[in-house]
Amino acid sequence: MNKYKRIFLVVMDSVGIGEAPDAEQFGDLGSDTIGHIAEHMNGLQMPNMVKLGLGNIREMKGISKVEKPLGYYTKMQEKSTGKDTMTGHWEIMGLYIDTPFQVFPEGFPKELLDELEEKTGRKIIGNKPASGTEILDELGQEQMETGSLIVYTSADSVLQIAAHEEVVPLDELYKICKIARELTLDEKYMVGRVIARPFVGEPGNFTRTPNRHDYALKPFGRTVMNELKDSDYDVIAIGKISDIYDGEGVTESLRTKSNMDGMDKLVDTLNMDFTGLSFLNLVDFDALFGHRRDPQGYGEALQEYDARLPEVFAKLKEDDLLLITADHGNDPIHPGTDHTREYVPLLAYSPSMKEGGQELPLRQTFADIGATVAENFGVKMPEYGTSFLNELKK
């Protein structure tokens, strides 16, 4: 008999809670995503996360300990060697990743692009981090006139190739992206995703078409999600979860436009009758505020998210479990634009916890979440991770 019929897992993308013990190896000494945002805001107002026990993990400005937290609380340390979204999420579901995905804030190495030019017969322009619309405004006309390929990246581990559909036919663009995917399986160039970004229109009025195609990497092994799906449990992926796992172990995928849309979709799944896992990623914290080093925007987004939690609490049933965590840090006060190697918070709450919660031991790997989910549903346990299911008292 499952202890919980439904588990709702929420990943607040990049919401770290202080430097990890190995932060120095990543150039991240002193990083502290929530702590620094709380200082910047002169106190973060997150009363619902505080009720669950956020301040009991660690007190920060505006975030204090409570006598009787509603939930169980601790922090988790990442075991894998990367600090990117895919590594963090894959570890949460029971995998250990010893090859970090690469990010290219200065653009891609010349050797890689030379090889891509040679194999495709087309010149490459761009080669820098940029937003998709800005790069088209800047280079779209040149691409049309020369037949070159616009190659660009973002703060994430991606290589994107844009070309006008009337200049480079879709079939050819897709072939080019497959070549790029092969080249980037090499450890030193390993990107999580290669993306075909076709566009149409005239200079000054370019638009990206729906013919985008992603060439992702599948997880390097079976995850707890695969085990759940194969045992006929529901795995509802909300936001970019399905992309992160390349659809592996997903039974239903709900796309989101924003954090608030993500919270709406979470409420929708709370209203659904299912048995299994609802898995939500809230990406705005990372994409809109962390990489852009915007502590004010980040703080406001955290407060907006917190204000939606009472709606979630009200719909949770006695046999539901809510787990809230993060996948890495992205301290908006830290130098640079990259993620930061930090501990992440873990909060666990069910309305059946009548006595309230208490501190859980520090988790040595994010995979403890996957192990807990697996044990709850009686599916094969992951190779990594220790379940804390029996420590959650009703």
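Each Cβ is built from the backbone N, Cα and C atoms, and glycine gets one as well.
Site annotation (Swiss-Prot, ligand Mn(2+) 2) includes Asp286, His291; from His334, His339, the additional listed residue is His339. Summary: among the binding-site residues (Asp13, Asp286, Asp327), the fewest other C-beta atoms within 10 A of the C-beta are counted at Asp13. The 10 Å shell around the Cβ of His328 (Mn(2+) 1 binding site) contains 31 further Cβ atoms across the protein chains shown. Other than Asp13, Asp327, His328, the residues of this chain whose Cβ falls within 8 Å of the Cβ centroid of the Mn(2+) 1 site are, in sequence order, Val11, Met12, Ser14, Val15, Gly16, Thr85, Gly88, His89, Asp286, Ala326, Gly329, Asn330, His339, Val344. Each of the binding-site residues His291, His339 was ranked by the number of other C-beta atoms within 10 Å, and first place falls to His339.
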